[in-house]
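Record features (TrEMBL):
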type	residues	note
TRANSMEM	37-57	transmembrane segment
REGION	148-169	region 'Disordered'
ACT_SITE	Glu268	active site, proton donor
ACT_SITE	Asp401	active site
DISULFID	Cys464-Cys496	disulfide bond
ACT_SITE	Glu510	active site, proton donor
ACT_SITE	Glu535	active site
Amino acid sequence: MTTPALLPLSGRRLPPLNLGASAFPHHRATLRLSEKFILLLILSAFITLCFGAFFFLPDSSKHKRFDLGLEDVLIPHVDTSKGGKNLGGFLIHGQGHDEHRHREEEERLRNKIRADHEKALEEAKEKLKKSRDEIQAEIQTEKNKVVQELKKKDSKPLPPVPLPNLIGINSGEPADLDIREKRNKIKEMMKHAWDNYRQYGWGHNELKPIARKGHSTNIFGNSQMGATIVDALDTLYIMGLHDEFREGQEWIDKNLDFSVNSEVSVFEVNIRFIGGLLAAYYLSGQEVFKIKAVQLAGKLLPAFNTPTGIPWAMVNLKSGVGRNWGWASAGSSILAEFGTLHMEFVHLSYLTGDPVYYNKVMHIRKLLQKMDRPNGLYPNYLNPRTGRWGQHHTSVGGLGDSFYEYLLKAWLMSDKTDTEARKMYDDAIEAIEKHLIRKSNGGLTFIGEWKNGHLERKMGHLTCFAGGMFALGADGSRDDKAGHYLQLGAEIAHTCHESYDRTTLKLGPEAFKFDGGVEAVAVRQNEKYYILRPEVIETYWYMWRFTHDPKYRQWGWEATQ
């Protein structure tokens, strides 16, 4: 679950952000309305309607009625000389008026009350059909509307913020002819993919290349939100494909709409949409990307409305109703999902001046710091209702991976001032090295998975990103262990290369074992596939940047071929 991080490929970080509590102006306390109060309001309105029908429907044998909601409700100056009676400023007409007119008005009033009564009953029936979560979400949405209306009174446009001076995006061609040809081939592959998506799947989330048609997956909802367009923007820009970049920008400006009835993955939408939009904004300076990112972030905030503040895995962009994956341990949220929001949300607060995003992710961090961790390890599952760990399963691959990546990058993004994030990273890596990292009989270093006190000697493709992470975190590590972690990164890169090299196609499997004589190869049939995962190439890239050993470029080219 690694992401196209907000660290530009030039190796330069975004501007250091100082986002402590003092960085934000004082915000008015938001309106707090309890769910019980909202329900009482609805109930009281219904009772009032019933009492109105009982007491205000007139008896035609006696005096006549108030004209409620009609043309002469209030008659401030009453002439009582013609038989009328003045009661509290309202005129009750006397017998001298046209009886036929009174009967018509009475009938109109009865019809009006009857229609209001039936409407209220229908609304009540509709409410009863909804689940408890949906009702709570609607109540929360109404609360948010009240808060937003209050904010509108003194709302301001997004503040201008300094953009980094990005150097190296167009830094010329490599001197080495062979490297130049390989780089141009990679660019050609990107353009091939973009052009065919443009022709066959434009606006859809994904392209089915064999069927040559668009596809929308459940993690992005069933709406055409152009996930491929948004996720590809930074790559297009860095490769100098500016015409294609402008095509994507135009589609986003005119078509990207988040007011859709779609249930989406909070994690996936954050890293690919918000992350993609923010990266495009920082690269190009085009305001549309920042505006869209902020709009979408507002749609994700209801996912945090849980007893603990740990967000749901999924949220409906229209209703705000959230829930977790049915397969996750006892309704738990997943470490790699709620732990992979920090960088984007910190930048949202930086760009908007609104601390709500920063506060959401810092709350998650504070909660995790208070919790006991078995053997110092973070389990992959945490229940958002109870605040307790689910199944004691720890992985640096799927379900856990990018949580550790974001701790390290939060420290880097802060210009190394977020020492809290660095400490959490160092503590976690020490426990991982102690309990999960082993060397096989054949001398390959691998990272296993911890399940209920037992080490499973299996490594997933997703875990291969950790080689690059260890290298990235070497500088600044405890006890002057930079050399140790750079070497550990190189060993993981070697193991993952072996998982590629030991296959027929020279592309690595989804997972590989280290049992007995079997090393770095897939055993099960359901692990013998490759789905364009980037983690191995990511580690090659980091190792090339830190060591400039040409073998990493060669390994990358093998995978390309």
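Here the Cβ of each residue, glycine as well, is placed from N, Cα and C on the backbone.
Since we're looking at a predicted model, the values are computed, not measured.
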Disulfide-bonded residues considered: Cys464, Cys496; fewest surrounding Cβ atoms within 10 Å belongs to Cys496
Taking the Cα atoms as reference points, how far is Cys496 (disulfide bond) from Glu535 (active site) in Å?
-> 9
Note: among active-site residues Glu268, Asp401, Glu510, least Cβ-dense neighbourhood at 10 Å is Glu510
Recorded positions near Glu535 (active site), in sequence order, restricted to Glu268, Cys464, Glu510 and a 10 Å Cα cut-off | Cys464
One finds that other Cβ atoms within 10 Å of the Cβ of Glu535 (active site) number exactly 22
Rounding to whole Å, the Cα atoms of Glu510 (active site, proton donor) and Asp401 (active site) are apart by 15
